[in-house]
Amino acid sequence: MLALGKLLELTLAGREPAEKTQLTVEGVRMRWMGEGALEVRPPQVRDNGTDLLLSAGIHGNETAPIELLDELIRSIARGDLKPRARILFLFGNPDAMRRGTRFVEQDVNRLFNGRHEQSGGAEALRACELEHLAASFFSLPDRYRLHYDLHTAIRGSKIEQFALYPWKEGRQHSRLELARLRAAGMSAVLLQNKPSIVFSAYTYDQLGAEAFTLELGKARPFGQNQQVNLAPLRLRLEQIIEGREPELDENLEELQLFSVAREVIKRTDAFTFNLADAVENFSPLEKGYVLAEDAGGSRWVVEEDGARIIFPNPKVKNGLRAGILIVPTDAGSLG
């Protein structure tokens with residue numbers, strides 16, 4: 001197998017490859033673009049016009065998606081997987097991956113769409129670097145741009161695998177893309193309705209890609225992801241990579257759709273959630289329930305019918321989102 005097929009090993013060891021560019025037996029060019037970054041380019045005669053960005057490890061302890069990308073890269077390097085798409089593989093936060101932690105100083109996935117310019121430190125620089133890598137990759141005109149940013153969650157979830165679909169003024173969410181997510185094993189999609197500072201929001205908003213954050217189960221250490229079923233996602237990614245994706249059924253009846261009702265923002269150190277520490281994502285909330293409290297008598301009271309909570313995290317820094325209140329929605333507004 002080609003040495004560049006061992007991108008994960010190189011990244012975890014903090015080493016550069018001796019050869020920055022290698023060709024597979026199929027004539028596929030693999031090019032090391034920097035730490036944790038590998039571009040894969042098929043021969044021109046096989047290129048089908050798709051640019052696929054696959055990122056994982058934005059949070060260093062979310063290992064199941066990192067292992068999935070490692071398997072795909074190795075399959076390409078061996079010649080088992082024969083790309084017709086251009087692909088950029090990114091391991092988002094190598095320092096945190098090496099430490100087995102979510103981040104070192106700052107959450108990289110809160111530093112996109114201009115936020116890194118307001119901050120400092122190694123992780124702000126990494127967010128800037130990831131933006132530049134993505135912008136360069138998606139710079140070719142007249143191509144189909146797709147980005148999946150793969151994650152696992154801090155906590156358990158009543159819906160184990162789900163996606164977050166970014167928002168941009170004047171742009172509709174795509175029914176076809178939702179059908180693709182359903183085929184890839186996602187059971188629910190959160191349709192966002194305001195700008196965001198995560199990686200997929202940057203590529204969606206600034207680079208014109210169809211972009212998604214995929215949550216694939218609970219975060220576990222390397223080698224302990226046997227309970228995370230990524231087979232449907234892996235199959236769909238292999239089909240996209242090889243240009244053999246079956247026709248998609250745009251019937252979305254089996255896909256649960258949600259929209260954002262409100263974001264819960266932590267203002268001060270006095271912030272508290274009135275939730276059990278082990279509360280799961282998508283847990284239902286009764287109308288009138290006092291969800292959270294902060295200094296000065298500030299309270300978050302559930303006003304919405306059918307409300308649920310996702311990503312509750314009272315440990316975030318002041319000024320950041322500590323959770324999201326979501327409500328069911330339908331496919332009526334889709335493009």
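Keep in mind that glycine also has a Cβ here, set from the backbone N, Cα and C atoms.
Here is what Swiss-Prot records for this protein:
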{"type": "ACT_SITE", "residues": "GLU215", "note": "active site"}
{"type": "BINDING", "residues": "HIS59, GLU62, HIS151", "note": "Zn(2+) binding site"}
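Summarising the environment of HIS59 (Zn(2+) binding site), the number of other Cβ atoms within 10 Å of its Cβ, over all protein chains shown, is 24.
A Cβ within 8 Å of the Cβ centre of HIS59, GLU62, HIS151, the residues given for Zn(2+), is found for these other residues of the same chain: ALA56, GLY57, ILE58, GLY60, ASN61, PRO65, ARG102, ASN109, LEU150, THR152, ALA153, ALA219. Summarising the environment of HIS151 (Zn(2+) binding site), the number of other Cβ atoms within 10 Å of its Cβ, over all protein chains shown, is 25.
GLU215 (active site) has a Cβ environment of 25 other Cβ atoms inside 10 Å. Recorded residues HIS59 (Zn(2+) binding site) and the residue listed as 'active site' have their alpha carbons 12 Å apart, per Cα-Cα distance.
Taking a C-beta cut-off of under 8 angstroms and a sequence separation of 6 or more, GLU62 (Zn(2+) binding site) has the following same-chain neighbours: ALA56, ARG102, LEU150, HIS151, THR152, ALA219. For the recorded site, GLU62 (Zn(2+) binding site), the DSSP three-state label reads coil.
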